[in-house]
Amino acid sequence: MGSLDSAAGSGSYKRAAAPAPVPRAPAGGGGAARRPGVRSRLARFVLVDKVDFLQWIGTAAAFFLVTILVYTFLPGSVVVENPTMRLPSRRASGGWGRGGTEAVLPRGLGGLENGEGLTFEPTRLRDKWARERSQDAQSVAELGRPVKRVGARKPRLALVFGDLSPDAMQLQMISVASVLEAMGYEMKVFSFEDGPCSSIWSTIGIPVEILPVDTKLLTSMDWLDYDGMLVNSIEARPVFSSLLQEPFKSVPVIWTVHETSLAHCIREYKSSGMTQILGGWQEVFSRANVIVFPNYILPVMYAAFDSGNYFVIPGSPAPAFQADRFIAKNYDKDVRISLSLGPRDFVIAMVGSQFSYDGLLMEEALVLQAVGPLLQQYPSENSTQTELKVRILTGNQTDKHRIALEAIALNVGFSRGAVEHVAVEDTDNLLAIANLVIYCSCLDEQSFPSVLVEAMILEKLVIAPDLGMITKYIDDGINGLLFPRKNIAMLSQVLLQVVSNGELSDLGKNIASVGKARAKDLMASEAIEGYAVLLENVIKFPSETLTPLTAGEIPLPLKQEWKWHLFEDVKHLYNVNESLADCKMLKKMDWHRNRKNDPHSITPKIDETFSAIAWKEERANRIMSAKMKLEEEYLKERSDQPRGTWEEVYRNVKRVDRMKNELHERDEKELERTGQPLCIYEPFYGEGTWPFLHQSSLYRGIGLSSKGRRFGADDIDASSRLPLLNSGYYRDILGEFGAFFALANRIDRIHKNSWIGFQSWRVTARKANLSKNAESAMLEAIQTQKHGDAFYFWVRMDQDPRNHANQDFWSLCDAINAGNCRLAVLEAFQRMYGLQLDGDLNSLPRMPNDGDTWSVMQSWVMPTRSFLEFVMFSRMFVDALDAQMYDKHHQTGHCILSLHRDKHCYSGVLELIVNVWAFHSARRMVYVNPETGAMQEQHPLEGRRGQMSIQWFSYATLKSMDEDLAEEADADHPDRRWLWPQTGEVVWQGLYERERTMRQQEKERRKQQTKDKIQRMKKRARQKTIGRYIKPPSDDAGRLNDTRTDS
């Protein structure tokens, strides 16, 4: 049970209006009004009459004894120590453990009294939806041009489950999916484990796919194919491993959480210091656009993970599913023994709110007092006949609460042991053997109590106060009985009507029977309609989707009941122990490593001991290695090292730089790629695309961002080759064209093959990529020049999921661009060529509907020379689109090519524009079957005569336009914001001449420097000789001149 004494709420919990207070039992003999004359008589007695000292002592002792008894036993006089449970915070925090994720209830609210309540209101979500609708309407109005939905396909939803075992969640989602399908949605089910419900999904026409999960928990599925996702249960957690990565972060996700197992582990994780585990769950809960709970207690339990995205859709078949499962067990005798009940005892079950609050004991006491008159229908406790027993369902029971209630029961007239508490774990057992159920809580909540639903399914007579959330589903005297919450004493009269001679009357049995018939599908309509409304607010459907029905347009018969008939054959396979299933699920995940489940096993303790020892040794070894490495570095710095001459140092540094720049060219794939005529590049952005990228030498990845690149792969960093892609705005809006521009920028430095191709990773995700046979056939056609300067493609427009109606080229372009594709292309051509077409759409280049098809999804191959010509055209076309739409799109996020905010505004136009260039530049267009490699030319050149606008797409025209733009950018240096110079090289004839002049000037300068150096050397002043040097004679020469004398 949670406590409402401690916190404020996720969407925020607010105090509800308090009804009139429930009358309390008198707490003493005194009345509310003071009677006249009492004070005067007491004064005369004290002051005039002589009172003995012993009489004063006895009177005082009696007074204190009565006071203690009243304080201990009377209803409402006991201070109950309620356990605290935190409610979701009003303010979302950035992560767990930073503060703000939990907040206690303000003191002004205090403890809730009888009839008061807190209401959960998802104010942040509702304000966000209202703000988005207002901004969308305002921005679309400011565009100045109408945008429209041209429905070409149904909206697509992905339903993700942990497994397909038959349970209440499967029943609920099958019922919801059946209604959504009737509303116009197209769905597909994904699961990490197969199960019996797979056949049920196939029966209602929804395909099922089992997801493979690799070691990195990245699912190989393109979630961008779906307009939204409905993730169900905690067990589907692995799917978020890809949803947390680009490019899937923008996919709308609605996550339904119905388990309590993770909530029970939160406190254990905190006490154990498992901040990494909690941080991972916090990140996952924050990723979902909306977290849906089936009741109002779960947002309280998951308050630690609240980020302001909690939402409650009350209503679930779980209580009915639980009751059906319990009925199948059929062991009433064993249950009665476990609850200390006789086989003929008449049992009244008292149930209440899941929240604990002030006044709970008082309500139980008043209900017991109302049940008291029934004791006259039962003999004494020594009799062997039927006895009246009361069992109170409670979750948080203190000793004071138990002692006080026992005293109250004895005071009412119950025998000792006739009134006892029952733990929440025995809810099913208690409801199964009870003769009638009384809802004793007067706390005004927002949804019908699930415990009453289960009781009604078990065909038990339900008696409850006339609260708003109860009277909505219980008609007094029809499927249940009501008593006024302002006068609980009336409950006695209600009980006497349905209990006679110690047994439940025929009236009570009939009411219970009607209640069972209605309870099985209770709140089904609200739950199904709640999901429909949620989809309307969360998902922004693109312009090519058909508009589904709204929640108000759902036919009433479709949403009135759950699809019970589909589960008749598999219902017996329902997992008996749901809590054990939850624990088993958590153990499967890498984060749940608790080995304390078997207290009798010593293996976990031994493993933990050796693990601790190993980690200590490993840490000591690492510290020693670090110290030795640090000492070696110090010694190396102090020792003398031969540096060589400056020329040798310079040459070594240059050699290292060259090796560093060419390091990525040294692998085997690059060597294989050098000898091939073709290289196909796969643009990607984010780790979510990694499972769809090829590893062979024919393919090479090109990352649009420096982040999210594959480790050890020979990928190209497009942002380093084109600095424009460092801007997130242009990286998103250009998409694959960013990779085109980056490769074309000084292409000879990175691409040395005669042919070039591109393939979208989304084609691989759809399994429409080239097979080995198709690759071989294309390489053979390229080497033999079978089609010459051709444009090969392998993804057909007529087989695209967005083109169910097989529309022509411009119609499909309008459908995926809010009906404004032709207008945007026409204005772009006007800016490019300087034409005045006055909005005449017939002036657009013709794209005939001759039975052939076109290319989609940027998967094609062409000669490198033709690719550079296409990039030349594309740079000018993209610049014209940017000049047309940048201001409004950059400010508001809206453009005329989308119904809603879209950071990929004109990606739909860019996807198809290659067909316009290839058709009107007289390229052969050849379709390659991706499976067999068979080739078929589309729109043959012979049939294009008179339909092509070659004068606008010829190389000479595009080259002259490119040089004019380059001259303007190079010579004039305009101050206006201009995209074209940032998309590639700026080259024109004047630039060549200027470079040649600069080289000539540099050459002349070096020559002049040489001449000046020689002249300085010649004119350099030389020092004159100081004197002539005469070599002195040697000693031998002096001896030769001496006169010898003989003695």
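Cβ atoms here come from the backbone N, Cα and C positions, even for glycine.
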Next item on the list: Could you check which of 1-35, 71-105, 701-735 is flagged in TrEMBL as region 'Disordered'?
Entry: 1-35
Next item on the list: Taking helix as H, G and I and strand as E and B in DSSP, count the residues of the compositional bias 'Basic and acidic residues' (997-1015) in helix, strand and coil.
Entry: 19 helix, 0 strand, 0 coil
Next item on the list: By DSSP assignment, list the helix, strand and coil residue numbers for the domain 'Glycosyl transferase family 1' (384-505), in that order.
Entry: 47 helix, 28 strand, 47 coil
Next item on the list: For the domain 'Glycosyl transferase family 1' (384-505), provide the mean pLDDT of the predicted model.
Entry: 86
